[in-house]
Structure formats: structure tokens, C-alpha cells
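Chemist: Taken from Swiss-Prot, the feature domain 'KRAB' applies to 36-107, supported by sequence analysis. Residues annotated as zinc finger in Swiss-Prot: 145-167, 173-195, 201-223, 229-251, 257-279, 285-307, 313-335, 341-363, 369-391, 397-419.
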Amino acid sequence: MAAVVLPPTAASQREGHTEGGELVNELLKSWLKGLVTFEDVAVEFTQEEWALLDPAQRTLYRDVMLENCRNLASLGNQVDKPRLISQLEQEDKVMTEERGILSGTCPDVENPFKAKGLTPKLHVFRKEQSRNMKMERNHLGATLNECNQCFKVFSTKSSLTRHRKIHTGERPYGCSECGKSYSSRSYLAVHKRIHNGEKPYECNDCGKTFSSRSYLTVHKRIHNGEKPYECSDCGKTFSNSSYLRPHLRIHTGEKPYKCNQCFREFRTQSIFTRHKRVHTGEGHYVCNQCGKAFGTRSSLSSHYSIHTGEYPYECHDCGRTFRRRSNLTQHIRTHTGEKPYTCNECGKSFTNSFSLTIHRRIHNGEKSYECSDCGKSFNVLSSVKKHMRTHTGKKPYECNYCGKSFTSNSYLSVHTRMHNRQM
């Protein structure tokens, strides 16, 4: 006779589920208890370091450390609190009374705080409603401070208040020295150190000092080699997000900084600022052989090699030499076949960003550079300059071997190779 297996009843399913859930919880607690100690997650400050923190940073520290205490206590760990925690608990109580937040022991969860020094007062349910923000604390003590415009969540109410000024544009804290304004008092305090020269944050490795903790954090990556910001196109990494942003423009071809006088475009503001000196005459570096002026000393040094014939950068594959290291880097790609710059329109790839920028003008029909003599237009500044020499007869590039002159450097380079083959 075949055996008949009866399905479990709903009651037995609930009972089994409850017993199984309790067993899993106990196993997890036992496992986590052996892996995590409070020392693993605790952060200690000296009195001097504590004095440097602003109220928002102290609030964040208090919330994080108290939450760590709660979570570890719920696992049954014996927690030895840092010396600041008792002070923070007292501050938490005072802040609760001052803000008028309704507090009470949570009725839904049994008190898990049996560890040394922890009391049921820490496990509370708080709720505060206002016109622009909402704050709730759940059973684990996690804080929800959500911006009602972008829905970004912050760990403290003060952080949310400071964040909302991004949307409103409010900058109530002005510098009395230069008039620059900021959205928070702490940002203004950091800015004022520019005027008074105060640099309280010192690197333990090299002794260099900084006006803000964030600058020190970025600087330390020089010593430890940390580069957390990675380019998704080529994999190159950077120690600072501000370095990654202009690098990404190499791949996209974006050049947001445009000169109003010569219409040249630039990827970064620093290069654009140096370029403007060419027009204003500020900080000019003038070649004493041809009188040509440059915005930086390095550009002038590179230019001198035209007159001296010096090509210090040599390709190990073919022996070809170059005046600039960047030119050698681009040339090496002709051997490796690497073309990291791709056109989004047609998929064509190029060895350098400049070629990609010029190529894109084929798609949009842009020819920004016009000859003032004949009206012919070009999509590259160097092309219109070269073309205008057909009208002026100017030939600024002279061969050091035979004295012959040329309208462009590329023509001179081709001509120079003829002498090199004869030697």
C-alpha cells in the first residue's frame, strides 16, 4: 500500500517558520559576535582633535558611535565605550530636551541593551515633522533625513539643513575680507584660513600642512598611492575627483573654455587662464630669436627646440625623435595601434583627443576659423594660420642646415629629414 504524505497545516508552517527564523538569528548573532568587536569599528579623538570638529561633525560622530553600540549590544557583545561616548550620551539627552522631540521606549522590541554601561534609554523611537524635512528613527537607531527635492538621505538633521541650501542658493555666511559667501559657517571658517594663513592639519609623513582636513586626506594619497577615482573609458586612476573630470574631457572631446579673441577652446580652466596671457601680455615669455611670445615658460622652452633643432624624446621602436614628450606618447600609439579616442557619431577612433575634436567638426559642419583676406574658412586654427601665410609670404620656420624657410613646422620637419638621411 502506497504511503500518503499529507501537506503541513498552516499552523505547523508558522511554527516551523518561527523556530527556523529564531535559529537563524541565533546562528547569525553567534557568528557575528566572534567576528566583530567594538574596537574594530570605534574611532577615537584626542581632545585637541575633538575641539577642531564643528557641531555637524560632532553630531555625525555621536550618531555613528551610538548606533555601533546599539548594534553590537544587540549581538550580546560586552561593549567598553570610548571615553567620549558617555559625554555624547549626555549631549544626546540634552539635545532631545532642547529640540522638544517626543521620546519613549519602543513598545515593539524587547530591550536588547544588557551590555555593560548601556541602558534602555538609548533605544527610543523619535519622530519629528516640519515643513521641509522628515526625520524618523527605526528600531536600529538609523536616522532618515530626506531632502524633499532630490530625495538624498543624510545621517543628521543639520547635514540635511546645510544640504538644502544647495537648492535654495542661500549663502548667509560672508567673508569680511573678500566678500565671498558660503552656505555653512564651517565652510566660511575653512575659507578664512586662506587670509590668516592658518593650516592646522599636518601630514605625518612629510610635515606639509593644510587648511582643511579634506585637503590633507587627498594629499595623503600621494604617500599611500591610493587612487580611488577611475576613468571608465581607459582605466586611468586619480587621487582626486577634480583631476578625473578634466581627464574625461579627453575622451568626450569637450572643451568648455573658449577664448573670445582667437576662438581657441580648452579642456581646463587653468590652461585657458595661461592662454589668455598671450592676449593680455601678462606674464609673457618671449623668444629672443624670433620674438614669439608664450604664456608659460615650459611652452617657450619647447619652442626653443625649433631654433636649436633639439629633439630630446626618441622612439625606441623606430628611432624617430620629438620635441615634446606628449608628441612621442602619441607617436608610440602608431606602433601599438592604440586609438583610445572614439567618435560617438560614426565610431571612428583616433590616437589623440585633438584629432577627435577636429574630426567631429566634419559631422557638425563647423568651420570656425575664417581668413580675413579671402574669406576661406577652416575647422582648425592652425590651418587658417598656415593659409594666411600664403597672403603675407611669411615663412617663420628656417632650416639650420641650409637656411631654407617654410610656412609651417610640418614642412620644415619633412625637409629636415632629407638632411638627416644625407648625413
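Quick reminder: no glycine exception, Cβ is built from N, Cα and C everywhere.
Locate each feature and note its surroundings.
Modeler: Averaged across the domain 'KRAB' (36-107), the predicted model reaches a pLDDT of 57.
The DSSP breakdown of the zinc finger (173-195) into helical (H, G, I), extended (E, B) and coil residues amounts to 11 helix, 4 strand, 8 coil.
Within the chain, the zinc finger (229-251) has long-range Cβ neighbours (under 8 A, six or more residues past its boundaries) at 218, 221-222, 267-268, 340-342, 353.
Only residues 6 or more beyond the boundaries of the zinc finger (257-279), in the same chain, are considered here, and those with a CB under 8 A from a CB of the stretch are 246, 249-250, 293-296, 353, 357, 368-369, 381.
Under DSSP, residues within the zinc finger (285-307) fall into helix, strand and coil as 11 helix, 4 strand, 8 coil.
Residues of the same chain lying 6 or more positions beyond the ends of the zinc finger (313-335) and with a Cβ under 8 Å from any Cβ of it are 302, 305-306, 351-352.
Counting same-chain residues at least six beyond the ends of the zinc finger (341-363), those with a Cβ under 8 angstroms from any Cβ of the stretch are 249-251, 253, 255, 265, 267, 330, 333-334, 379-380.
Cβ atoms under 8 Å from those of the zinc finger (369-391) belong to residues 262-264, 358, 361-362, 407-408 of the same chain, restricted to positions at least 6 beyond its ends.
Counting residues of the zinc finger (397-419) by DSSP class, helix then strand then coil, yields 11 helix, 4 strand, 8 coil.
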Chemist: Can you tell me which parts of the same chain pack against the zinc finger (285-307), counting only residues 6+ beyond its ends and a CB-CB cutoff under 8 A?
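Modeler: Residues 274-278, 323-324, 396-397, 400, 409, 412 contact the zinc finger (285-307) from elsewhere in the chain.
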Chemist: Sort the residues of the zinc finger (369-391) into helix, strand and coil with DSSP and give the three counts.
Modeler: 11 helix, 4 strand, 8 coil
Chemist: Are there residues at least six beyond either end of the zinc finger (173-195) with Cβ under 8 Å to its Cβ atoms? List them, or say none.
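Modeler: Same-chain contacts beyond the flanks: 54, 56-57, 162, 165-166, 211-212.
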Chemist: By DSSP, what is the split of the zinc finger (257-279) into helix, strand and coil residues?
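Modeler: Split by secondary structure, the zinc finger (257-279) comes out as 11 helix, 4 strand, 8 coil.
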